[in-house]
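Pulled from TrEMBL, these are the features on record:
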COMPBIAS  1-33  compositional bias 'Basic and acidic residues'
DOMAIN    60-191  domain 'DUF7927'
COMPBIAS  61-71  compositional bias 'Polar residues'
DOMAIN    195-326  domain 'DUF7927'
DOMAIN    330-460  domain 'DUF7927'
DOMAIN    463-594  domain 'DUF7927'
TRANSMEM  631-653  transmembrane segment
């Protein structure tokens with residue numbers, strides 16, 4: 001039976017006993033050699049061999065990149081790709097089609113310039129980009145290589161965790177055979193990612209006050225496609241711990257596992273560790289606000305972090321922060337004249353109430369009430385109230401009864417100023433115009449802030465002089481009768497009176513009566529002062545506290561020869577309160593008429609009688625009149641007597657209420 005030739009995929013088959021001997025340069029073909037047998041010794045022992053050849057095609061595809069596949073890339077980076085197709089067989093390859101799927105590249109990058117193709121040192125037809133597929137088509141002779149090169153630039157905002165994945169495939173068709181399709185080749189470039197978040201309870205922006213607790217949570221997450229090592233998270237507590245204290249210890253967890261605890265140095269809390277792909281570290285701690293945290297403070301907490309992927313600089317996401325404003329509301333009240341000043345009937349008092357948002361949040365509503373009950377019982381409201389918020393007209397004020405109210409809202413730093421006036425009643429002596437304002441401002445999510453009430457006081461002074469007599473004014477008196485006078489000055493107001501001067505004009509008394517020096521007495525509530533008689537005027541000078549009084553008592557004796565006259569006594573006074581002119585009440589007086597003496601009877605005339613004629617008598621000397629045994633004591637004599645008896649003219653006979661001195 002004849003032996004049939006056999007084929008091998010590569011190399012040759014020698015069928016005449018030469019099997020196994022190689023033929024250099026012909027390993028890429030199938031070689032078949034056939035030898036015919038002859039009898040030994042014949043001339044045809046070594047005939048010429050006959051052979052066939054079958055070339056075997058080959059095609060390989062490779063892909064490289066710069067940076068190499070697996071390297072980490074970030075936004076803005078460039079990647080240069082090189083796809084190589086090589087005819088490794090013994091036949092021409094035509095067509096050769098290389099396709100590079102850029103769908104997972106160009107969604108986060110842009111082609112930089114044009115793709116180029118070369119075979120050897122020669123530039124050949126350029127690849128064509130259709131959509132996201134780059135295609136090169138051509139032919140390769142035996143041993144030729146086509147190299148396709150292009151570059152992309154990653155978008156600046158390429159998402160963390162993206163894998164820039166590039167897959168190239170190819171086919172090469174040898175003559176008379178199906179296309180050769182080597183396995184696809186690909187590159188991957190992971191994009192690292194790191195995010196940092198910060199939350200708080202209560203949530204950022206919430207209003208807090210002294211004594212509140214804030215719990216902070218800082219979270220760092222590896223959102224990329226590479227390990228991150230090291231990861232450093234720092235939390236700046238400078239604007240927290242200046243008005244708060246850390247409660248307990250800060251803790252850190254990764255997943256369900258406890259991680260190394262953060263370290264507090266000064267006012268900076270730091271956590272250091274590493275995060276695998278997809279891992280999250282959570283740092284938690286709490287602070288308690290100081291009771292005296294100032295209004296307007298913002299508890300501001302800023303956390304930052306960095307995470308280093310392999311072969312790249314650290315990723316530094318934007319800092320994250322929380323803010324917790326501390327609200328504040330302040331109320332003030334002023335008056336013109338200033339609180340404590342003395343006012344008189346007819347005076348005008350202008351009040352100004354100011355509410356100010358001293359905090360870091362809006363206040364809504366703000367309610368200010370001004371209690372005028374202790375003002376309007378002694379004054380009249382002038383209906384001139386206005387309210388202004390930061391130089392702009394605000395909501396109207398409402399007066400209900402004796403309460404003036406403003407309702408509105410105040411932005412951070414704004415103030416409302418309420419102004420109005422009253423006129424003091426003429427009969428308000430002794431009153432104190434007492435005005436009390438209160439207010440409250442409500443910050444978001446918290447109870448209203450109620451500052452202390454503010455008030456003003458304006459005392460109204462008063463002074464009264466009275467005069468009585470015994471017998472009472474209007475009673476007729478006789479020569480030799482005694483009249484006792486009582487003059488009283490009283491501080492009926494709400495302020496001290498200094499000086500107080502009371503004068504008793506005795507000019508129309510001492511011209512018909514004698515002053516009785518030993519009758520003088522003073523009764524007072526420890527009112528300091530002195531009593532002086534100068535001429536016919538009796539004067540007391542001193543001061544009177546609120547509610548104090550001075551009572552001066554003295555007497556005169558009506559002259560025996562006083563007849564048909566009016567003994568008239570007039571007392572007056574002035575008292576000076578702080579800051580205002582003296583108060584001068586109306587003069588007070590007493591009158592005591594002295595009836596005229598008896599009229600001698602009228603004798604009717606008698607008829608003339610003729611007297612008898614008698615001899616003239618012996619003349620005698622006239623008898624002299626009776627000597628005048630009394631002398632009138634003049635006012636000057638009284639004054640001299642007082643000066644002599646009291647050593648200097650001061651009459652200070654004082655009797656206290658608890659006894660006579």
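Cβ from N, Cα, C; glycine included.
What you see is a predicted model, and the numbers here were worked out from it, not measured in a lab.
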Inset, instruction - Write out how many residues of the domain 'DUF7927' (60-191) are helix, how many strand and how many coil, based on DSSP. - result: 4 helix, 78 strand, 50 coil
Legend entry - Integer average pLDDT (0 to 100) for the domain 'DUF7927' (60-191): 97
Legend entry - Number of helical, extended and coil residues in the domain 'DUF7927' (195-326), per DSSP: 4 helix, 78 strand, 50 coil
Inset, instruction - Please spell out the DSSP helix, strand and coil residue counts for the domain 'DUF7927' (463-594). - result: 4 helix, 82 strand, 46 coil
Legend entry - Number of helical, extended and coil residues in the domain 'DUF7927' (330-460), per DSSP: 4 helix, 73 strand, 54 coil
